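Visitor: Here it is: the structure, laid out below.
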Number of protein chains: 2
Amino acid sequence: MPFEIKILGSSSATPVFNRHHSSQLLTINNQLFLIDCGEGTQLQLIKYKIRFTKINYIFISHLHGDHYLGLVGLLSTMHLNGRTKDLYLFGPPGLDEIITIQLKHSETFLNFKIIFTELDTTTQKVILDLENLTVETIPLIHRINCCGFLFKEKPKKRKIDKTKIPDHVTPLQIIALKEGEDVIDKEGNLLKSEQYTFPARKSRSYAYCSDTAYNPGMFGQIKGVDMLYHEATFLHDMESRAKETYHSTTLQAAWTAKETKVKTLLLGHFSARYKDIEPHLAEARTIFQNSFLAEEGLVFTIDDEPL
Amino acid sequence: MPFEIKILGSSSATPVFNRHHSSQLLTINNQLFLIDCGEGTQLQLIKYKIRFTKINYIFISHLHGDHYLGLVGLLSTMHLNGRTKDLYLFGPPGLDEIITIQLKHSETFLNFKIIFTELDTTTQKVILDLENLTVETIPLIHRINCCGFLFKEKPKKRKIDKTKIPDHVTPLQIIALKEGEDVIDKEGNLLKSEQYTFPARKSRSYAYCSDTAYNPGMFGQIKGVDMLYHEATFLHDMESRAKETYHSTTLQAAWTAKETKVKTLLLGHFSARYKDIEPHLAEARTIFQNSFLAEEGLVFTIDDEPL
């Protein structure tokens, strides 16, 4: 089953031609999750032929414009396109007021319901618990309330080896075998789960961390994730500017990845001062080799591997 | 002196790839006026290398998202770019509240002052009176409060013919000659304005009318303008849909141009249902030959001609 991150925007607040403000589309087993929604996100979704109707969950990290100003436009378009399905929206206090006031003045009465969860950005908390995954807030260090999001698949079941399983095994016994339990069949034979099933697939995880100053406080929470998106607004020679603006440098992102032993690091939220961002990559790779630039249009996949 | 309209967006509410939401940049004698500011306008300004700092006046016709959702992003970027100069903003009631609430939640304290004029969209009124031009509201017929804008140069002065003017003519006499008055010089000669000056240049005018149902009520006000931008959301076979949504068809835009004897008609605000908009042009030209499609990136110039 797919677990993919598609990058819709890689730019920090000051816009620059050919980059877009922060937004990512996460696909997990055919569910689409939109993370942040900077100005113009709906045009990026159209460009990449992503069907708005399939997006049921939107997460906003904080209320700086480059992370949410595309939201009201996207909601309006969903409405114009005839959406009636509930939309789950997660964001900091104030986001509901911002939306409500704009819908009021445009006299727009949405055809669908927004189910808004106001986030406490200062604590780690499970904010969404679905059949196959959970989403948690990751407290970040920024000028205003801001949190990242940790997407974690739940532990998976083993898969039945259909070439081996005897015909007389009952559905309940199948469930037990998938859970890793051994069963005794009606003939009195012990059927070991290990013999009749394939190992469960690994539970995959993705941590989205933008915007934040260097933030060791989150290391425990994101430890060992498959993929970490960490902002890298500046090259490391701008460390003091990064600190002052509550952002991170390439090396701080790379240290975070190294310390937390993640598998892959994505870098983004590049300052408009950099026309060429290859030096960001080179600098991060001096610390953490498996780093990539999260540029518009790229898709990063987390493989579905055996445990 | 230039009088130019640059088209930044031609799309109606539902976005479509390669078109942008409504926005136009008007240049009159080196002053820049931004009319409407749909989502992504700041990216369009960057694309066309327009310096944000030179924009001192912004006009918002109404509070449907496709006409203003780019405004808060543009203001934020002006702030990040260090703007300190006052910005004059004109828009319907509610626009100030929308801006204020978003700046509050992002904890942004602008370095510059916004001087906001709340518009009564139901009356014709001069809302800006500068040295060389005035701007008036044009009441439009739409689902919510909505007005267009009429930009009119003030009557111009005649120009001195430097090859003819005697050296002893005083500065005050020069001013009088430019005003069309005849003067008597110190030698007792009658200097006729007509003989010593070139005719004044024509005062140019531009009317921006989006969004509106077919609106004969405005014909008197826009009569004879040099250039009229009129929305043409639909082809004329969709007349009933246009009526229902308080929009216009190509033929209605063309009839308006013909009835009011404008010189040039620009068509825009095209519905996403039309991939190809050449039929819009063809249809309008059956009524009004001097019609053009107001597509992204195009610049329309009103010539500076003698009266």
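From the backbone N, Cα and C atoms, a Cβ is placed for every residue, glycine too.
Just so you know, TrEMBL annotations never went through curation; they're auto-generated.
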Visitor: With B:Asp66, B:His67, B:His269 listed by TrEMBL as Zn(2+) 2-binding, which of these, B:Asp120, B:Asp129, B:Asp211, B:Asp226, is given for the same site?
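Guide: Site partner of B:Asp66, B:His67, B:His269 for Zn(2+) 2, according to TrEMBL: B:Asp211.
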Visitor: Are there binding-site residues in B:His64, B:His67, B:His142, B:Asp211, B:His269 whose CB lies under 8 Å from a CB of chain A, and which ones?
Guide: B:His64
Visitor: In this structure, which of the binding-site residues B:His62, B:His64, B:His67, B:His142, B:His269 has the fewest other Cβ atoms within 10 Å of its Cβ?
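Guide: Looking at the binding-site residues B:His62, B:His64, B:His67, B:His142, B:His269, the Cβ with the fewest others within 10 Å is that of B:His142.
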Visitor: Looking only at C-alpha atoms, tell me how far B:Asp211 (Zn(2+) 1 binding site) is from B:His67 (Zn(2+) 2 binding site), rounded to the nearest Å.
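Guide: Between the alpha carbons of B:Asp211 (Zn(2+) 1 binding site) and B:His67 (Zn(2+) 2 binding site) there are 9 Å.
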